[in-house]
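Pulled from Swiss-Prot, these are the features on record:
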- HIS72, HIS74, HIS242, ASP317: Zn(2+) binding site (BINDING)
- HIS72, HIS74, HIS242, ASP317: Fe(3+) binding site (BINDING)
- ARG81, TYR144, HIS177, GLN245, THR322: 4-imidazolone-5-propanoate binding site (BINDING)
- TYR144, ASN319, GLY321: N-formimidoyl-L-glutamate binding site (BINDING)
Amino acid sequence: MTQATSERVIWRNARLATLNPDYSQPYGLLERHALLVRNGRIEAIVADADAPGGRSIDLEGRLVTPGLIDCHTHLIFGGSRAQEWEQRLNGVSYQTISANGGGINSTVRATRDSSEAELLALAQPRLARLLREGVTTLEIKSGYGLDLQNERKMLRVARQLADDNGVELSATLLSAHATPPEYHGDADGYISLVCETILPTLWQEGLFESVDVFCENVGFSPQQTERVFQAAQALGIPVKGHVEQLSSLGGAQLVSRYHGLSADHIEYLTEEGVAAMRESGTVAALLPGAFYFLNETRKPPVELLRKYQVPMAVATDFNPGTSPFASLHLAMNMACVKFGLTPEEAWAGVTRHAARALGRQDSHGQLAAGFVANFAIWDAEHPVEMVYEPGRAPLWGRVVRGERQ
């Protein structure tokens, strides 16, 4: 990523969709305004007529939004699950597929068998699809290595991928994603490995900034999840959780008790869980791609989230098994069509609320003075166009820390 310049640059003659809730206009729209950028941050937002002299870039009336943030991805993995998907369409159960060596274990096996260079090459085109949609920050999880060596490998690849492509990274340790084959029948033993070895070692190496757990009947129990959260808390590491996707186990309350950044999926979230999230400031991360791909029918309780004013993020959940969609615009569209969000809520979900889900709400996700100068420039009249027509992606430019990529 190029270094931010100390010279002030004026991005002028723009229509700004600031996504700043302090403005009364929908999307925080400001007509004919300019962004003053210095040292990788937005110095000020002024009316174009009031912009000072100096180095300037004329945007010719183009739309500018905050850079998009994908706050939940599993971008690094080996292998493919396409044939498995075809089997499921033909009526073969996941249990049968898994018993025959498929399912998440096939991804674990392929990821373990891949070198860092191979994983980097596989991830590059996936990331490229997100960048073409204006993404400037994304979260990438581990969770297909499931041992110290391979979890380290995944996180190293995530860092290299971000460094090579002009995008900001939020890396998450998801070692508690599934029980690896060598611990079959001993999930508690594997959680001990996570808590005592994988988590502290990779934290000391500086490879991640938050910890996630798949808390579900087919994943880890609330008790096992809490062991991981306690280990993270002891080191001062923020937590988040895959919770209430397939059943209601009280995972949202558990995440909230540890002041988690986000509770993700949450199709089976109860009102008690929503209230707990409101109290703790935990973001609801909606993942409509997985809902669609699995042909689920139970939807997240969007009306309750609105009632309790819980921020709703929207993410791709890009992964090989349940959401093979590297398109944040498609996720926004699905969130509107399937979950009932408004387009403006969907935009907030991939900007300021996604930033909050990563603990970056004070620096990312809005066009505002003092915020990091991450923004996307569009050949479009209005933000709704990207939600309405996923796949078009009329991106003119992507700016990260003040530098066009």
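Cβ atoms here come from the backbone N, Cα and C positions, even for glycine.
Remark: of the binding-site residues GLN245, ASN319, THR322, the most isolated position is THR322 (fewest other Cβ atoms within 10 Å of its Cβ).
Looking at THR322 (4-imidazolone-5-propanoate binding site) and HIS242 (Zn(2+) binding site), their Cα atoms lie 13 Å from each other.
Sequence-distant contacts of ASP317 (Zn(2+) binding site), defined as residues of its own chain at least six apart whose C-beta falls under 8 angstroms from its C-beta, comprise HIS72, THR73, HIS74, ASP264, LEU287, GLY289, ALA290, SER323, ALA331. Closest by Cα distance to HIS242 (Zn(2+) binding site), from the binding-site residues ARG81, TYR144, HIS177, ASN319, GLY321, is HIS177. Secondary structure at GLY321 (N-formimidoyl-L-glutamate binding site), as computed by DSSP, is coil. The Zn(2+) site, placed at the center of the C-beta atoms of HIS72, HIS74, HIS242, ASP317, has further neighbours from the same chain whose C-beta lies within 8 angstroms: THR73, LYS141, ASP264, HIS265, LEU287, ALA290, ALA315, PHE318, ASN319, SER323. For GLY321 (N-formimidoyl-L-glutamate binding site), the nearest neighbour among the listed binding-site residues (ARG81, TYR144, HIS177, GLN245), judged by C-alpha distance, is ARG81. If you take the Cα of ASN319 (N-formimidoyl-L-glutamate binding site) and the Cα of HIS177 (4-imidazolone-5-propanoate binding site), they are about 13 angstrom apart, rounded to a whole number.
Of the chain residues outside the N-formimidoyl-L-glutamate site list TYR144, ASN319, GLY321, HIS74, PHE77, ARG81, ILE104, THR107, GLY143, PRO320, THR322 have their Cβ within 8 Å of the site's Cβ mean position.
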